[in-house]
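Engineer: One structure coming up, written as structure tokens, with questions to follow.
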Amino acid sequence: MRNGLVWLLHPALPGTLRSILGARPPPAKRLCGFPKQTYSTMSNPAIQRIEDQIVKSPEDKREYRGLELANGIKVLLISDPTTDKSSAALDVHIGSLSDPPNIPGLSHFCEHMLFLGTKKYPKENEYSQFLSEHAGSSNAFTSGEHTNYYFDVSHEHLEGALDRFAQFFLCPLLDASCKDREVNAVDSEHEKNVMNDAWRLFQLEKATGNPKHPFSKFGTGNKYTLETRPNQEGIDVREELLKFHSTYYSSNLMAICVLGRESLDDLTNLVVKLFSEVENKNVPLPEFPEHPFQEEHLRQLYKIVPIKDIRNLYVTFPIPDLQQYYKSNPGYYLGHLIGHEGPGSLLSELKSKGWVNTLVGGQKEGARGFMFFIINVDLTEEGLLHVEDIILHMFQYIQKLRAEGPQEWVFQECKDLNAVAFRFKDKERPRGYTSKIAGKLHYYPLNGVLTAEYLLEEFRPDLIDMVLDKLRPENVRVAIVSKSFEGKTDRTEQWYGTQYKQEAIPEDVIQKWQNADLNGKFKLPTKNEFIPTNFEILSLEKDATPYPALIKDTAMSKLWFKQDDKFFLPKACLNFEFFSPFAYVDPLHCNMAYLYLELLKDSLNEYAYAAELAGLSYDLQNTIYGMYLSVKRYNDKQPILLKKITEKMATFEIDKKRFEIIKEAYMRSLNNFRAEQPHQHAMYYLRLLMTEVAWTKDELKEALDDVTLPRLKAFIPQLLSRLHIEALLHGNITKQAALGVMQMVEDTLIEHAHTKPLLPSQLVRYREVQLPDRGWFVYQQRNEVHNNCGIEIYYQTDMQSTSENMFLELFCQIISEPCFNTLRTKEQLGYIVFSGPRRANGIQGLRFIIQSEKPPHYLESRVEAFLITMEKAIEDMTEEAFQKHIQALAIRRLDKPKKLSAECAKYWGEIISQQYNYDRDNIEVAYLKTLTKDDIIRFYQEMLAVDAPRRHKVSVHVLAREMDSCPVVGEFPSQNDINLSEAPPLPQPEVIHNMTEFKRGLPLFPLVKPHINFMAAKL
């Protein structure tokens, strides 16, 4: 696999996305009060340098300008007259590595606190409320060296949003009352991660290096580091926050990216006006020239006990910081070869031995001054017994690379592939794009910031050899992760409690690895035959349609076709659903369908890896209705890959050894569900309760023992014997070619698997349980791993229809920001607080999801109290405020997809739901604009109020591991906080003891009727 890992700490902030669609975008609005100026000729003392020659993709129609402000801020401006959303991001080149040693997590805490009011806009939720009212959203993350803040907003409101945003860096309040509450949010965020193996392993890696190096710090922080210990030591954390912000939030460490409809000159004026006053404290850029892994930290073996039943091997080498060599990228070159998955690769050989299934190789970010090179594999049961041999194979492959020397043709192939990827780059969503660019501005020259991570320029064999020279046994660190080490460890990591044992790797083992000889099985990759060569953009056909058209409708298949008329890139999305009544008929068949496709993908991996490197990807998964197959990106070689996959599906022969290995890995993944987050458990149980047919993890585990190799071999022809295929072919493809592709898929299945069409009566659709009026049901379970509770409260409203969809979505839009502000920011229920629509099988409702240390019945009472406050808030809402919400939702719904795959996903969602409402957004927004405040109040009073006649409610309570029991409902009269709104008295709910009995006792909703007349849809 490809390179690298990224670790982020971020608060999930609320928000809404997307924007109003017009046949033609209105011209960019001028920003008030800014005279038109041409910056190429003018002089402005606030601007030190202007860079208008930004190298961009030939397909990129946006205009770019780089600035360096006099105060040192680097800026990239993007003018896109077609954008629905404007966006901005600011990246401060300071992160958790700069935390004071005695207050771990301070930079992350500072990131949280900046959202909670500024001198100019003191209201705690001013920023989030402004964004919510204008179809916007925001977030931030803290990493070792960066704190990155970003938002998006309806394009008309960039100036208002940017003004509020700029105050974070000019005059934040960092208010003491907010501080005490927000510590809980950081603590809840950490608590969410405590039992997550990825976080645990990351911190353990940091803890086992040089303890005096900033890399060893605990970046997230928690209540102990941000409140308890500082209080004990007489440290005023608010004073430390103010000091941290005033010290490090210096303009010379900041970079900004702004994207809007405005002209570059107007965007320049706006940024100068809002950010030129940020103070330059001339803070030296933190650098870390010493590596955290010194001689005493090398040749060490760490045996680590995970939470989940996983088996992994991590091999790490310290290497110098390669950032300055980005034009030749030696780490990328070596990662490409060591991480290759084709014939003759390291992975191929380790898989053939039955020791591993997957491999990741490449450079991993450290910080300014140091990096790592990693080779990580998962281990089979057999592989766990052969760790020394696996690492020997790694060194044999590295020795092969040394013997062969750097290959210019390999570098050239990487260079060519990256150049094609850059040339035909998809347009990114504004929010992610600005956030990413703001971070890059610290590392690359302004004119090359868009190309730097794509375009390779210089073949530098000397640098490749330099990095290769670091990949030696004397520099190695090895970590093995396995449940088999339980009870055999002698150390505990401080912050996450990870159990581990550290041993020096014996000298004779190091010597054995040093003597690694050439292994004749290893080969360098051959030339990639999947590299696209035909980039022709096909002209639109005469009968091209604005939405997918049904161009084939037979007993065997339905084919929907849409020629791309928006993006004009040499790409296509081919989506297929193979309906089979055998795929989900019982847990045994569900398991067999899963294993068949996992084994199929496993056997295709060597072949398909070259396609993936060449920008051609595929996906293959089992579904409750059968199998899903997609082939995406460059259309040139898609038919070749699709034919190979289809032939393999129809003629597949199972390898016995791979069957045993993949079955065992599947059993572990089923067992590992117990360690998922409490809120994920709540969502899982609700799906089981509400869907007509859904197999539990326990049922699947029990049935897995019955899956034998002969049984699976017999199942495959049964699965393929009768199918109905529904497909969407969308992109740079003609109608004739689409028909040809569909025919090829059908012919292959008929020829090799003797596939026949399904009978119409075999096309089963699962339905949703219909709750009774005024019914309230509670289902309780315990999470055995996490010490947090989780809850999902679901108010089922009705079947999906234009009117019902808009009632629900508008109500969700109105309550979204207040919900987050009330339940998370003010009441501090937990880090994860979510409200929004839930939709399944054509039925919908309002849901709340919370994860908290507080008990579920308390969370339930707070949600009910919040809903009552929202009724009054809507009643008191001005017409202007109500219309803002309608507009925000309309903008979000009409936001144009930024790339072909996103547009295709919308259409595919309509096909999979069998609703086929391809013009849904326009139809529903037209209805939305007719709604009144009274409509929403009526909707609330009829469906959601405590005494509503058509209230239908299910609550799933997931208890923390240390809670033996908990009442399902309770009153909380002794609340200390007088500001809490009063919770209503709740009736006693019906407790669900048996899911099957619960579902048997209730009717099912009918299926939603398709939006379209199939006879009229045919071309």
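Note that Cβ sites are derived from N, Cα and C of the backbone, with glycine treated the same way.
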Engineer: Among E51, E59, E159, E189, which residue does Swiss-Prot annotate as binding Zn(2+) at the site that also has H108, H112?
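Structural biologist: Swiss-Prot names E189 for this Zn(2+) site.
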Engineer: Consult Swiss-Prot and report the residue, out of K206, K697, K735, annotated as N6-succinyllysine.
Structural biologist: K697
Engineer: For which of K192, K212, K427 does Swiss-Prot record the feature N6-succinyllysine?
Structural biologist: K192
Engineer: Of R429, R431, R460, R472, which one shares the ATP site with D895, K896, P897, K898, K899, L900, S901 in Swiss-Prot?
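Structural biologist: For ATP, Swiss-Prot names D895, K896, P897, K898, K899, L900, S901; of R429, R431, R460, R472, the listed one is R429.
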Engineer: Indicate the candidate from Q363, S901 with the smallest number of other Cβ atoms within 10 Å of its Cβ, considering only these binding-site residues.
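Structural biologist: Least crowded of the binding-site residues Q363, S901, by Cβ count within 10 Å, is S901.
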Engineer: For L359 (substrate binding site), just give me the three-state DSSP call.
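Structural biologist: In the DSSP reduction, L359 (substrate binding site) maps to strand.
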Engineer: Which of the three DSSP-derived classes (helix, strand, coil) applies to R429 (ATP binding site)?
Structural biologist: coil
Engineer: Can you tell me which of the recorded positions E111, K192, L359 is spatially closest to K896 (ATP binding site)? Compare CA atoms only.
Structural biologist: E111
Engineer: If you pair up every Cα among R429, D895, K896, P897, K898, K899, L900, S901, the residues annotated as binding ATP, what's the maximum separation in angstrom, rounded to an integer?
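Structural biologist: Taking every pair among R429, D895, K896, P897, K898, K899, L900, S901, the longest Cα gap is 15 Å.
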Engineer: Taking the mean position of the Cβ atoms of R429, D895, K896, P897, K898, K899, L900, S901 as the ATP site, which residues outside that list, in the same chain, have a Cβ no more than 8 Å away, listed in sequence order?
Structural biologist: D426, K427, A902, E903
Engineer: For K192 (N6-succinyllysine), which of the three DSSP-derived states applies: helix, strand, or coil?
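Structural biologist: Once the DSSP labels are grouped into three classes, K192 (N6-succinyllysine) ends up as helix.
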Engineer: For L900 (ATP binding site), what is the tally of other C-beta atoms lying within 10 angstroms of its C-beta?
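Structural biologist: Around L900 (ATP binding site), other Cβ atoms within 10 Å: 24.
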Engineer: Of the recorded positions K192, R429, D895, L900, which sits closest to L359 (substrate binding site) by Cα distance?
Structural biologist: K192
